[in-house]
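Report on one structure; see the data block that follows.
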Amino acid sequence: MPMVWLLVFRYIGICYVARTASRPLAAGDISNFQAFIFLGGQLSLALCVLLSLNYYSIVLGTASLPLVITYPLMKRITYWPQLVLGLTFNWGALLGWSAIRGSCEWSVCLPLYLAGVMWTLVYDTIYAHQDKRDDIIIGVKSTALQFKENTKQWLSGFSLAMLLSLCISGMNCNQTFPYYTAVAAVGAHLAHQIYTLDIDKPEDCWKKFASNRTVGVLLFIGIVFGNLWK
């Protein structure tokens with residue numbers, strides 16, 4: 001459910017950014033009413049999924065709603081909306097575990113959650129650099145505008161925190177060699193991504209942002225083979 005709301009709220013702002021002005025809602029290809037019908041359908045399906053989980057997970061999932069509701073306002077309030085996005089978007093690190101186990105093992109879930117938040121700060125700051133000129137004009141804030149020319153230093157710090165958190169989470173659930181190999185590969189990928197990033201070229205920012213799917217694939221492979229190794 002949090003993901004559905006986030007996608008909708010992020011979509012609302014595209015009318016004011018040149019890069020996204022041709023998307024269906026911004027271009028007028030679909031009406032607001034049609035968009036709300038689609039939203040209603042998505043939220044209904046998400047609610048059905050949530051209610052099919054155990055009671056602990058239902059409460060945990062519902063607890064994310066304050067973050068989901070306040071996130072769209074953050075770009076008007078703070079230069080750290082990417083942090084709020086990370087806190088919201090990575091709630092699944094907690095919910096996924098509780099859905100399977102019936103509750104959260106916090107020594108594992110919290111470091112994993114923090115790693116996700118740090119990762120979001122990396123890729124969404126890169127993403128925000130695409131639109132920083134439009135953001136200044138329309139008066140919205142972002143970590144891209146906050147960090148400016150110091151972006152790479154901040155991204156490096158977030159990446160280190162992410163890798164450390166992944167290692168702590170892995171140690172606390174007895175992960176094995178393939179997992180740590182994947183974490184090392186993720187570190188190498190992020191280092192190359194940050195080193196070669198040109199924050200003043202939107203096309204390069206998009207390329208680096210999109211390359212974060214490789215991070216997800218590496219981690220997924222590491223988790224699968226790490227568990228098979230046990």
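Backbone N, Cα and C atoms are what each Cβ position is placed from, and that goes for glycine too.
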Where TrEMBL places transmembrane segment among the ranges 5-28, 77-100: 77-100
Dominant neighbour of the transmembrane segment (209-229) in 36-56, 77-100, 106-123, by Cβ pairs under 8 Å: 106-123
Distant-in-sequence neighbours of the transmembrane segment (77-100), which means Cβ under 8 A and at least six residues beyond its ends: 2-3, 6, 53-54, 56-57, 60-61, 64, 67-68, 70-71, 108-109, 112-113, 115-121, 124-125, 128, 141-143, 145-146
